[in-house]
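**Q** My structure is below; once you've seen it, I'll send some questions.
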Ligand SMILES: Cc1cc2nc3c(=O)[nH]c(=O)nc-3n(C[C@H](O)[C@H](O)[C@H](O)COP(=O)(O)OP(=O)(O)OC[C@H]3O[C@@H](n4cnc5c(N)ncnc54)[C@H](O)[C@@H]3O)c2cc1C
């Protein structure tokens, strides 16, 4: 009976693949995934580099308790760590002048305290940037922080803004709602679990492990099938792809990244989506996290700290002013360079902010020269040139148009959360016809792989529940 039901899943990222696996395990065999790219994985993209693998997209399994990725893999895979939590390998470096590390560590504690003021945040109408600045400068007026001068406070605040933007992929922390921020939850446990030399792609092998032997998941995934039209005017939904193939299905799970949906939903759906869905698509924001991997002949950073984890860049106001409005401005968004687990000769730069388009369009040579200019400026010595470089382009890649989502001031003003995006669209007989899953639809773990994975399970379960309740009638 369930074999008759045809389910189409759009997108072969972790959400789409999880949905397919859940459905197949519940006896739905007529399941097809249409994927626009020539590979599975979506924003999990492990590629060869520097005699091994690196992750251009998701890199860390963030947290353990309640993290479905961790739960699924903990007995199958031995995770590594980057070493964030240890704290001793954090090397703050200033664009000019010396840095008092002890003061920075105290400011870091203050930052952590402010971030836990959830009750105040929930009532707040301002952005997370304004909320944080107010609390930060108030605390600096107290006797405990008398020895922190304005220059150091500004340098630290700039770093924290970059760190926040890199974590949440926000373009600007004045665009992130402090009221909605407490909705997001961190899973308890290590936040920096790595896939060592194997990469995040390992997850896709683990997820398929307990499928029945007779089922070959790869046979259910059609690559290079970009969906251009979804006609949901009748009981059966008709889907068309760029190469003019046509598919029909009883239910469609849409896992397309929100950046892509924002740009194309008006052309894809017929009839157009309900206004409430369009509002959710338009209010939740998509940001871009960028990465630059530099490979060196040999590691030079252990000269600065045996436990090295990261060079954290702190800019003075004067130095910042010198490169704003120049073609080096993008560098002011780099949070720092971190080491990469299982790659002793790699440094990885992380950045987010309003210069991502420029970053993605500059030439490889410029990216290398600019990064080296910056590293030499902050480390105050000459350094060897990298032997190879790899960088990301999530904002300009046509099937993504961004890296992941955040809850913007607009979402707060319009009272929109990921739940509004997740709600399925039903036919007259209450059948969920269009189901929405993917990272952006998870209320608590938005932006994470475990959020995307859970959302795929949730969409599959809605279909399973619908047909099993019908079969009981
Ligand atoms: C740079 C970066 C760093 C990250 N770091 C982490 C991290 O460390 N830890 C963590 O937990 N998360 C991280 N994330 C977030 C994580 O990668 C995502 O939340 C998750 O992978 C999203 O999965 P998804 O299935 O929702 O979407 P996707 O993986 O994007 O899958 C959607 C699929 O839809 C396809 N598609 C698009 N348009 C069409 C179309 N018209 N027709 C057919 N197919 C289409 C896309 O090609 C894609 O394969 C990071 C993401 C990025 C980009």
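Placed from the backbone N, Cα and C atoms, the Cβ positions cover glycine too.
Keep in mind it's a predicted model, so treat the numbers as computed, not measured.
Checked TrEMBL, it gives:
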type	residues	note
BINDING	15, 35, 36, 227	FAD binding site
DOMAIN	14-464	domain 'Amine oxidase'
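Set these features in their place in the structure for me.
**A** All protein chains shown were included, and the count of other CB atoms within 10 Å of the CB of residue 15 (FAD binding site) stands at 35. In the three-state DSSP scheme, residue 15 (FAD binding site) is classed as helix.
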**Q** State the count of C-beta atoms found within 10 angstroms of the C-beta of residue 227 (FAD binding site), not counting that atom itself.
**A** 23
**Q** When neighbour density is defined as the number of other C-beta atoms within 10 angstroms of a residue's C-beta, which of the binding-site residues 35, 36 has the lowest density?
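**A** Candidates: the binding-site residues 35, 36. Fewest Cβ atoms within 10 Å: 36.
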